[in-house]
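S.K.: These came from Swiss-Prot, pasted as-is:
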{"type": "ACT_SITE", "residues": "Cys408", "note": "active site"}
{"type": "ACT_SITE", "residues": "Glu410", "note": "active site"}
{"type": "DISULFID", "residues": "Cys119-Cys419", "note": "disulfide bond"}
{"type": "REGION", "residues": "147-158", "note": "region 'Effector region-1'"}
{"type": "REGION", "residues": "168-313", "note": "region 'Effector region-2'"}
{"type": "REGION", "residues": "565-626", "note": "region 'Adenosylcobalamin-binding-1'"}
{"type": "REGION", "residues": "685-724", "note": "region 'Adenosylcobalamin-binding-2'"}
Amino acid sequence: MSEGISLSAEFIDRVKASVKPHWGKLGWVTYKRTYARWLPEKGRSENWDETVKRVVEGNINLDPRLQDSPSLELKQSLTEEAERLYKLIYGLGATPSGRNLWISGTDYQRRTGDSLNNCWFVAIRPQKYGDSKIVPSYLGKQEKAVSMPFSFLFDELMKGGGVGFSVARSNISQIPRVDFAIDLQVVVDESSESYDASVKVGAVGKNELVQDADSIYYRLPDTREGWVLANALLIDLHFAQTNPDRKQKLILDLSDIRPYGAEIHGFGGTASGPMPLISMLLDINEVLNNKAGGRLTSVDAADICNLIGKAVVAGNVRRSAELALGSNDDQDFISMKQDQEKLMHHRWASNNSVAVDSAFSGYQPIAAGIRENGEPGIVNLDLSKNYGRIVDGYQAGIDGDVEGTNPCGEISLANGEPCNLFEVFPLIAEEQGWDLQEVFALAARYAKRVTFSPYDWEISREIIQKNRRIGISMSGIQDWLLTRLGNRVVTGFKDDFDPETHEAIKVPVYDKRAIKMVDQLYKAVVKADQDYSKTLGCNESIKHTTVKPSGTVAKLAGASEGMHFHYGAYLIQRIRFQNSDPLLPALKACGYRTEADIYTENTTCVEFPVKAVGADNPNFASAGTVSIAEQFATQAFLQTYWSDNAVSCTITFQDSEGDQVESLLRQYRFIIKSTSLLPYFGGSLQQAPKEPIDKETYEKRSQEITGNVEEVFSQLNSDVKDLELVDQTDCEGGACPIK
């Protein structure tokens, strides 16, 4: 293999001298606590220029042409492309996904093929493990097992990805009868540092172990794979097909699992100890044992996925993003979060949605649930399978393998398929002198290279090689359109009638300039993909564009999040920090208000005054003032003219608008592929993450801030390794993974 592409120190110095990163009010602080990796040789975390260098080099070297004796001409061409990408990302005119900011260019990326993708989807039905990195020793690679989708979900969650999963009837009906109840014993050596804490959650001392001929003993290695394989063995023992010897006692030895607080190499962070895994295994065994002699339901399967997610949250990842997708007439699934005890115990771990098609009409109970608690969301698989952009019309089976979506709902996915995201801030990129068509072309090529990663699971490798799906997103959409057009994209509504129900509806009128703007950029992405695919000799991407919810990445640039409207024209935005976080002294020294967090011990809440882009424009609207109808119409605009995947949107609504939910879901059934809704709270909670304020309060609070946090932090020189992130909010629905 040839020596890779690298960016010279001289080039980086020139960019640093000529380009100023477009940090938002929370931008640099958010970057430093979320994406800056620890540099052991320097005894500090990365600076932004170092992060961007790592990320760009990690990506450009995925070009498969570099594998075999590349020409000097090719290396020069890719070096020039890397330099353009570096300048673009350093200035924050565009960024790869948060996952790429954290992982790209690391040893972990080189070891772990799945590490660059944000989110995944898997169907909960018996599947073969195939030629994957994880295959239980008792199974043949081509042998179907009930455990496989749960293993896939567990593995990807522990790698920091989010996972959407389908418990629709068509999948759950393929799971065979639960044949055996399993007597599970979890043991820990008395000499283990974790012994006392493990016993408290249900383990027993190893000296108490009673092993007989009917039992299976497995000592878990201290690895991610060991956790997955233990759970797989437990699940598969319940089924005769994968337990032909009819063994009904399982002993899992967790003595080798590293204790709480120990360092985790690779992904980063610190270990949780064996306790969350012990609780998970015992709880999953209870779910399965309760169905011995019967069959698992969609709720049982979702519970197992939620219990896995709960264990991962308690572990190193700190958030496991899950979306459970059920059948639209499965009332037990739709109402499963009404069980308050189980909701508090584990059912909080997923956002729940139902699959519909355009002929579906039963929105009344769904709308009632949304008004009550914001669930379920809606995923229209019929539209996803047969449409790209809505304006391009019906294309039968254009994405026929689609079965679900990622947790945030912006990418329609086949079984085992991941999201592959990159986002552009069009207003910022234009202000920095970029041609937007070039920016979106660079974005498409970046995402295309990610599809050449060495994926760990066979189902993923096969579908990625077939689809090469990419998701080029734009963010700060409201900022861009309001600034460039002087108005919002929806300029009004006209009266009309639904062609099927004859119900009176109000059809949105869009600014034609906006249609032209996004259409040109869509075509630039498609053209870039076509050209690069031809060069690389691979399939063109099955779909190309999306709108991701953004959140953390949008905070870097200070842009509105995805298609969402700013939460208010002026805000107090609160971020929580561990009391030991070295950023806190710098923030206090700069005049930011801080107070003890009322929800979590040893945590400080820091308040940032924020002014939205365009706040002074008379046509500015916030999430607290824009109507539910305009939000639906805006999502429909982007689904029609920009996104051939889907558009992630959490529509917020006032109490007075709740009665419009049902009719609007019905009106847009031929356009919107996925959506979710939440009541607008407006910062009424104590220490709310976002609290709208007036202009006078904003100006007063801004005057209290007297220093530059980045400069003060550098002067204090008090970096600390492996801090836990506290309460990082990536998107309205809380569905995104933390990095």
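Cβ atoms here come from the backbone N, Cα and C positions, even for glycine.
Model, not experiment: these values are computed from the prediction.
How about a rundown of where these features are and what they're close to?
M.R.: In this structure, Cys408 (active site) belongs to neither helix nor strand by DSSP; it is coil.
Counting every protein chain shown, the Cβ of Glu410 (active site) has 28 other Cβ atoms within 10 Å.
In the three-state DSSP classification, Cys119 (disulfide bond) falls within a strand.
Here the region 'Effector region-1' (147-158) returns a mean pLDDT of 97 for the predicted model.
With DSSP states grouped into helix (H, G, I), strand (E, B) and coil, the region 'Effector region-2' (168-313) comes out at 60 helix, 20 strand, 66 coil.
Secondary structure counts, DSSP: the region 'Adenosylcobalamin-binding-1' (565-626) has 7 helix, 22 strand, 33 coil.
With DSSP states grouped into helix (H, G, I), strand (E, B) and coil, the region 'Adenosylcobalamin-binding-2' (685-724) comes out at 17 helix, 3 strand, 20 coil.
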S.K.: Fewest other CB within 10 angstroms, which one of the recorded positions Cys119, Cys408, Cys419?
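M.R.: Each of the recorded positions Cys119, Cys408, Cys419 was scored; lowest Cβ tally within 10 Å is Cys419.
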S.K.: Go through the chain and flag residues at least 6 beyond the ends of the region 'Adenosylcobalamin-binding-2' (685-724) whose CB is under 8 A from any CB in it; none is fine as an answer.
M.R.: 28-29, 32-33, 38, 43-45, 263, 268-270, 318, 567-574, 578, 580-583, 585-587, 589-593, 595, 597-599, 605, 607, 609-611, 615, 622, 624
S.K.: How do the residues of the region 'Effector region-1' (147-158) split into helix, strand and coil according to DSSP?
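M.R.: Grouping H, G, I as helix and E, B as strand yields 12 helix, 0 strand, 0 coil.
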